[in-house]
Amino acid sequence: MTALRLLLLALGAGLLAVPASAADTSAAAQRARFEAEAGRPGQVQAGQQFFTQRHGAQWSCASCHGQPPTQQGRHARTDKRLAPLAPAFNPESFTQSSKVDKWFKRNCNDVVSRECSAGEKADVLAYLLSLSR
Ligand code: HEC
């Protein structure tokens, strides 16, 4: 076996060990995914309303993520600092699909007492992507 082949094998093994936190998507791709699921485009206005309203529970999305969610948020229960949710203000926002799914599920349950629909997620993404510097 040549040294080059050994090197390539080592490289290959290294590449397989991509950490679980690696970016695998983008906010635009997540928006497209939820729009495809919903069968309609996301709406900025509807997303903003959804984000800022309380839905009969204690919190809105903005309670933790801030309004507008372009700055560091503050967890309403634990006071923990949260990185800005709007992608233009946080390059890591919406770059990991497992994280997107995990937090949509958890936060929607906290705020609307159920999972958000694909349309609601598409609206929220449209709103967040409309926020620019
Ligand atoms: C009780 C506090 C709280 C509320 C209310 C809340 N969130 Fe979150 N959210 C968090 C925390 C904590 C994280 C994880 C932040 C981190 O680890 O970077 C998060 C992360 C997220 C993420 C993942 C972002 C990414 O980078 O992939 C999405 C999407 C999200 N929230 C959407 C919402 C939406 C939509 C609502 C309203 C329905 C909402 N959140 C309400 C606390 C909250």
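Don't overthink the numbers, they just go from 1 along the chain as shown.
Cβ atoms here come from the backbone N, Cα and C positions, even for glycine.
Taken verbatim from TrEMBL:
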type	residues	note
SIGNAL	1-22	signal peptide
DOMAIN	42-132	domain 'Cytochrome c'
Do you know the DSSP helix, strand and coil residue counts for the domain 'Cytochrome c' (42-132)? 46 helix, 4 strand, 41 coil
The domain 'Cytochrome c' (42-132) [mean pLDDT, rounded to integer]: 97
